Amino acid sequence: MAASGVKRRKLEHVSSDEDDDASFASFGESDEIVAEPLGDEDEGLEDVDDEDGSLADEAAGEPEDVENDKQNGEDVAKIATPRFIAAQQGQDRTDGAKARRAALDAGGGAYMTGTFKSNMFKLQVDELLEQIRPRRGKREEAAEEALHALKKTFDQVPARGSLLTDEAEQQLLKSSKVIVPFPQPRPPRDAKYKLEFAGPSSINVIGSYALKTNLRSKEALEIDMVVTMPSSLFQEKDYLNYRYFYKRAYYLACLAASIKDEPTEYDVQFADLHDDQLRPTLVVSPPKPPSNEDMVKQSPRWRINVIPSVSADVFSQDKLSPSRNCVRAAGDTKAGPTSFYNSSLRADALPPSYLKLLHNAASTCDGFRDACLLGSTWLRQRGFAARISAGGFGNFEWSALIALLLQGGGPNGKPILSEGYSIYQLFKATLQVLAMRDLSKTALVVGAGDAKPTGDGTPMLWDASRAHNVLYKVTPWAYSQLRQDARTSLTMLGDQLFDGFDATFIMRTDNPLLRYDYVVDIPASAILAEKGSYHKLFSTLKRGVGDRTSLVTMKTPPSALWRPGSRRSKPAPDASISVGIVVNSDTFNRTVDHGPPAESKAEAASFRKFWGEKAELRRFKDGSITESLVWGTGESGQTVLEQVVRFLLSRHIGQDAEQSASFVGHGFARLLRQGASMAAYSPLMEAYKQLETDIRGLERMPLSVRHIMPADPQLRYCSIRPPFDIAGRQRPTPANITIQFEGSTRWPDDVAAIQRTKIAFLLKLSELLQEASAAITARVGLENPSDESLNQAYLDIAYGSGAAFRMRIHHDREQTLLERQLKDKSLAPSSKEAAARALAAYKRDYIKAPAHTQAVARLCSRYPALSGTVRLLKKWFASHLLAHHIAEEVIELIAVRTFVQPWPWQTPSSVQTGFLRTLHWLARWDWRAEPLIVDLSGTGELKAAEVQAIRTRFEAWRKLDPSLNRIVLFAASSLDPDGTTWTDGRPQRVVAGRMTALAKAACAEVQEKQVALEPAGLFASPLSVFDFVLHLDPALSGGKQRKGASNGTTFKNLELAAQDDESMIGFDAAQLLLDELETLYGSAVLFFSGGSERPVIAGLWSPQTARRGWKMNLAYSTIPQRVRAKEETVRAEINKDAMLAEIARLGRELVERVEVSSR
């Protein structure tokens, strides 16, 4: 593990020079003050992920004057004079500061002795903070010049007299062509109150920029400027019925008009603050360059948000309590509380107070600023921001939460956080508060007082001294997501075997296809544009899906900016509402839902009202009579969950919403034959149990049976195609199993003799099985004739149902004899090498494979989506012609890792999330520097010492084989700490590089298209990158058979053999051809095969076959060539045409055509 975070995040595969020559080469200061920031100031943070560039690159590419940091703070302070709110200086705290620093140093033990392996984590955090801390540069200088100019302009704006709303609006439109951004509903025409303008009472730069908690970014620099409106403009009752917000909008329009009237070149637009249309703001940015101007030379990017505010004493805080109603229609005495309205108005009055709160926290807690930076990074990587459309929880909410927890919130009003906490402790403790406390049910109160949540799912962090709910903007759906992410991060940080730094702070986790099992995309135009429509949609779906899901969340379209001379912008035509669903694997496909019993009249009536005609009263086998819902089983092409969601949309939201909604999530499972369910494997599993019963029930066996063990992908629910589903042929693929007999001294003491004895055992077992059952056919087959140390025979057992098994005998004496040969110094090196190969094959086939099969089968039962994920991943490898090079067990380990170590997400509950997250990890895996380590127990049995031993073994292999000629991928597990069982000799570096490149391309496609992704597109890649391609007959190679094609038209004997000859069980013509080609031409050609998924065999000429000096007995066919006509020197050049002709002759009718690349 590298100490440098940048090096750790550099995950791109850099090929060596040798690879490049191959054919595959195509392939802050204490006087600063802070208050609530505008919008998502985190949004500009560049992706810390490798795929989007590194922060170090940004720092290098954007020159910044670090020495002017202090001057920067002084300039901002000068802008505030005389009307900026001055920062309150605390008393001398020298002794206290020393004590806090000592506590902080001691708190560094959270790095060293806390719940995380800390030394490396501390180095990574320190490096990250160094990269994301703000620095002063050209854009900061330009923005501060604009701040001075804006302040000067606002100070000189003349007052405007009192006018009725219509008159004031028309006058402003005629004089300055500015339309007042009134919120909806617009002020009534008969309104008696008047609008006027007077110079601001104070102007202040606030937000994360002033506190230096804004993240350094390539995006636009956000600076918030609060303009406090004079108290004389407001009356005591202006908090009612939007009157304050109307006056605020008019004041903002006057500020916009003053900028337009000045001879400045600023770009001025209106925007809703945090998507809150009650609180429009003025966005001032540099002028956009002409379209023909070089975009590289455009002005530094910055954005000043001008936010009108009001003094805290203008309106009584009791009148704006969340439980009060402030929007009163005439004669309506039963209106409920207007908590959001009240909190929005209250938030406008509190910037100075929160300015002091956050500044005091930064002054008294040394780790506060950096903890805010870490929190902002964590939020941004998960898609959270202060905008309501992004959850309503952003930089300010995080900072205010920490600041308040430093003051109270605990038992008896004591602080939850300590000022002596380290950065990491502050960050983790804040996550714990978010994860462990459900603030939507029980409010977190800081200070003297009491508060209750509003009851609509909005969380409540009640700041009693300011009478304000800090989290009033956080939507119920976003809060659920926030809590889940916090829980996941805490669990991840507590995983001793996982380095959670990248997953916590570097990786983006907000891609909907990776985050959710199902995504419902609904056009915004299909939802009624009325207040509360989003909450209605969420509550309807949440109630309707019930326990089928563990999380339902939404992402709503953000509000757009608009020009001062135009009306408020409407949502874009293509704007949509994205509903993310995380399912419960055990219940989401349930076809019958049980409602309340008939005796519960009120609940039953509510149930029928909600479900309408879908609800029906049913009597069940246990005698209960309940309201029920019955759903289809999926014959219509819709999953049960999709049926439920579409019914809810149609009944409660509207027909347009149901008809225009697109449901994403089941497309990947449809790519699998017979779907992703493990039910297709039940017949084979039953046959395996029957076989074990039949064998153990045999009499006259020479030895009693000790174990019968499965050792095949079919018996662990992981075969690329389910059993009995081999297109184009009737013979099944036999499932490998091993049998071990009780020990006996009568076994021979020679490896070759043991193999012959096995043949005798198998012949006897075949005879007894066929005598015992007429439904069994058994035949003995031979293998490995060229090496007597390897297994020589197997027994094919076929049942009438179609199940077939291939049995081999496991005798533990072989290992002892082979190890003895390896220790024999008198043995020839060639014999030792053969013994080493035989010992490796023995351990792989008889020890590792059965243990691997049992572990993966157990995990597939625990995680229902694992089987489909593994099968889909194998299909992906085969579709890209890589399955021949990478063992099935390695592919299974890669998929299993996503489930047993799912960070930064929860365990996948669908094939889509399992598959896409696996590809995401595969694209980031630096197999040169990192081993693959998987805990196949799934329960944490793999200990830290074992992991360290595996890493030590990996490092030893890298030192022993630095050029990666033998071990390229190191894949270890809790059952196989060696790490080379399945990867010794395969794949080659160029194949592993191709795997990484394809995974990165797939992830880029997912990121670009998101919900518009076509799943089949990830399984297609061009064949033009290969030097030649052999197109095989699909009917004979196990692929999809063409219409009208018949085996009898070309290979009649194979068709008859498939039907009548049991010896053809397991026959694979394409695989046999591939094996033959590798034996004959492997030194000159690197072959790729798609198996039954893609009936082609592709090849790349080895770089070693380049033109060379003439030499006899080369391993491939050559022809002599002269470099120049008159030169006597003759060089050897590979005879590609002759070799391809030989290959075509070997394949005969199996090869339809040979395509040679022209590149």
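Quick reminder: no glycine exception, Cβ is built from N, Cα and C everywhere.
All TrEMBL annotations are machine predictions without curation.
What TrEMBL annotates here:
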REGION    1-73  region 'Disordered'
COMPBIAS  1-11  compositional bias 'Basic residues'
COMPBIAS  29-67  compositional bias 'Acidic residues'
DOMAIN    223-363  domain 'Nrap protein'
DOMAIN    368-507  domain 'Nrap protein'
DOMAIN    530-653  domain 'Nrap protein'
DOMAIN    675-860  domain 'Nrap protein'
DOMAIN    863-1019  domain 'Nrap protein'
DOMAIN    1023-1154  domain 'Nrap protein'
The domain 'Nrap protein' (530-653) versus listed stretches 223-363, 368-507, 675-860, 863-1019: most Cβ pairs under 8 Å: 368-507
DSSP tally for the domain 'Nrap protein' (530-653), helix/strand/coil in that order, comes to 44 helix, 32 strand, 48 coil
As a test of reading the model: what is the averaged pLDDT for the domain 'Nrap protein' (223-363)? 86
Residues of the domain 'Nrap protein' (368-507) by DSSP state, where helix covers H, G and I: 69 helix, 12 strand, 59 coil
